[in-house]
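Visitor: Mind looking over this structure? Questions follow.
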């Protein structure tokens, strides 16, 4: 049966992979989305609701959902969990005061049944800001070492400078191709 599905997928093309970009407000989610889509920084405003764009990366098509991260919007994230292949969780590495809140939101999200099979890429963003948490500090602060039975990787990034996004997307694309 799997061979037949692979044959038809080859004939008609693979489906778009669904990726959610999540994280607290101000973490850089929208900047990352448009950096991936158009290759440059665009002026953004706080996302009230969501942005959804198609992103092509190394011959793969992704439907990328950037969900607002404000306190009032986070409870609605779960409305978008169905059929999610991967999560890009963005952390503002320069916002030491809210890393605990980010940890709580991540832990709550990862308990959802609909996300059990989703690959997780954590982006320790804003690495270009002096005094920010290092990649290792973000990893520990989020409690990622305690996660079991989940495909996960953390990357240090600067969305505004475009640094670290290619390694993250390479890893994500590779993981998603292996899951197909």
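Residue numbers in this text run from 1 along the chain shown.
Keep in mind that glycine also has a Cβ here, set from the backbone N, Cα and C atoms.
Straight out of Swiss-Prot:
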| type | residues | note |
| --- | --- | --- |
| BINDING | 23-30, 66-70, 125-128 | GTP binding site |
| LIPID | 2 | N-myristoyl glycine |
Visitor: Can you check which residue among the binding-site residues 23, 26, 29, 67, 70 has the largest number of Cβ atoms within 10 Å of its own?
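Guide: Going through 23, 26, 29, 67, 70 one by one, the largest Cβ count within 10 Å is at 29.
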Visitor: Non-local Cβ contacts of residue 127 (GTP binding site) (under 8 Å, 6 or more apart, same chain)?
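Guide: Sequence-distant Cβ neighbours: 93, 135, 156, 157, 158, 163, 164.
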